[in-house]
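Working notes, beginning with the structure itself.
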Amino acid sequence: MQLKKEISLLNGVSLIVGNMIGSGIFVSPKGVLIYSASYGLSLVIWAIGGIFSVVGALCYAELGTTITKSGASYAYILESFGGFIAFIRLWTSLLIIEPTSQAVIAITFANYLVQPLFPTCEPPYSASRLIAAACICLLTFINSAYVKWGTRVQDVFTYAKVLALIVIIITGIVKLCQGFTINFEDSFQGSSRDPGGIALALYSALFSYSGWDTLNFVTEEIKNPERNLPLSIAISMPIVTIIYILTNVAYYAVLDMSAILASDAVAVTFADHTLGVMSWTIPIAVALSCYGGLNSSIIAASRLFFVGAREGHLPDALSMIHIERFTPVPALLFNCAMALIYLTVEDVFQLINYYSFSYWFFVGLSIAGQIYLRWKEPDRPRPLKLSLVYPIIFCLCVVFLVAVPLYSDTLNTLIGIAIALSGVPVYFLGIHLPESKRPPIITKLLSAITRFTQFTCFYVLTEMDTVD
């Protein structure tokens, strides 16, 4: 048995757009403005970030149609450089990237949902954490029930967040037509000339563009992936780039620099200045955006763990699917459990600082693998074949992106590297070591879990999808 191909072109576009447009564009686009120090330069950096992300997404489109396995960078690194480096990538995602990002998104959703009830103070800690936990559990149930349920939820919430941003953009255009153009006069005045500051501004923009690889996590479930994967990317990336630039133009038309930099939620401040009695809709839009982003993150992460288990890098139980619903329920439940554990960490937002280096390192390594496979397997069928200029330029830029956190946030970056390297002994003891030499209690425990899962929950192991 295998996962069913149920993700259409429209679903693919919704997954990419829904994951890329999270809370960032509503809450904290000021990161780019802080380091660029001018409206004009900040818009240029948003455009550069969009172009860079388009190049990366196109490279992933070639990889996804050449290596038709789910798992995104994990699958591509495994194919190019072998199991050890792929496991370290998987271990980093399991231990820090996926559960941390999902916990943060869920908490942000909960805070914006209950904020109207506590207009003059922070929402209670326990209330926001319980709502966040309920959100994660509900989305896990939806995606466990049917793949179509998860994609329909994604479609609805993607439409909602795009509609909210269109409202902001139209409001900004109206203000510009009314003569609110003072912030765009001499818009490059005061621009930062510090290479380090410009680098950090670009890094902030690229953080908001992250998520363009979402569809590559579910390649095996896409209908006609040779067509729909690259087409979904080609449609999604310009949409997000244009929306981001126009949304920032709208913010700049209404708010001066001091107001933007002082705001904890720029979209909410914008709504307070322009939407009057309807300003309450924007916090709700932020919550909906977080909900949709969390859903796409859960879909992607569960497939990553599913593929990792199928490759023998995680327990076999996680590679099972329901015999009737064709959903990777054990992987979804495992992902849910990890996210719930991280909800108990009081300063979970601090954990985000640990994985910027690892994220870009493994993305760059995936695309370096694209170049390597061109040399190693030149005759391999490639439904989409880009000029080598694209992956080479992207890899050179990733060297810069990996160097930035080492320079600007050395301690947190070193902690992130240590977290990744903690997977080395796990790999050699649990995977590289022959099964006969592993502790018998571990082998028996994993076998018992697999049998229990099969016999009591109607799950079966899946076959490897080897179609290239």
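Start at 1 and count along the chain as shown; that gives each residue its number.
Using the three backbone atoms N, Cα and C, a Cβ is placed for every residue, glycine included.
What Swiss-Prot records for 1-6, 62-76, 151-161, 219-228, 295-325, 369-385, 435-468 is topological domain 'Cytoplasmic', and it gives sequence analysis as the kind of evidence. The topological domain 'Extracellular' annotation in Swiss-Prot covers 28-40, 98-129, 183-197, 250-273, 407-413 and rests on sequence analysis. The transmembrane segment feature in Swiss-Prot is assigned to 7-27, 41-61, 77-97, 130-150, 162-182, 198-218, 229-249, 274-294, 326-346, 348-368, 386-406, 414-434; the stated evidence is sequence analysis.
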- Query: For the topological domain 'Cytoplasmic' (62-76), what is the mean per-residue pLDDT, to the nearest integer?
  - Reply: 93
- Sort out for me which stretch, of 7-27, 41-61, 162-182, 274-294, 326-346, has the most Cβ pairs below 8 angstroms to the transmembrane segment (130-150). 326-346
- Is it true that the transmembrane segment (348-368) and the transmembrane segment (274-294) have 3 or more Cβ pairs under 8 Å, skipping pairs fewer than 6 apart in sequence? no
- Item | Interface present between the transmembrane segment (198-218) and the transmembrane segment (229-249) (three or more C-beta pairs under 8 A) | yes
- Any contact, the transmembrane segment (77-97) to the transmembrane segment (386-406), with at least 3 Cβ pairs under 8 A: no
- Note on the structure: Within the same chain, the residues 6 or more beyond the ends of the transmembrane segment (386-406) and with Cβ under 8 Å of it are 52, 55-56, 58-59, 62, 199-200, 203, 206, 356-357, 360-361, 363-364, 367-368, 370-371, 374, 412-413
- Which sequence positions outside the topological domain 'Cytoplasmic' (62-76), separated from its termini by at least 6 residues, show Cβ-Cβ distances below 8 Å to it? 3, 86, 89-90, 93, 213, 215-221, 225-226, 229-230, 300, 303-304, 306-308, 362-363, 365-367, 369-370, 373, 380-386, 465, 467-468
- Item | the topological domain 'Extracellular' (407-413), counted residue by residue under DSSP: helix, strand, coil | 6 helix, 0 strand, 1 coil
- By a Cβ-Cβ criterion of under 8 Å, what residues six or more beyond either terminus of the topological domain 'Extracellular' (407-413) are in contact with it? 196, 199-200, 353-354, 356-357
- Name the range, of those listed as 7-27, 162-182, 198-218, 326-346, 414-434, that has the largest tally of Cβ pairs under 8 Å with the transmembrane segment (274-294). 7-27
- Query: Per DSSP, what is the residue tally for the topological domain 'Extracellular' (28-40) in helix, strand and coil?
  - Reply: 9 helix, 0 strand, 4 coil
- Task: Give the residue counts of the topological domain 'Cytoplasmic' (1-6) per reduced DSSP state, in the order helix, strand, coil.
- Result: 0 helix, 0 strand, 6 coil
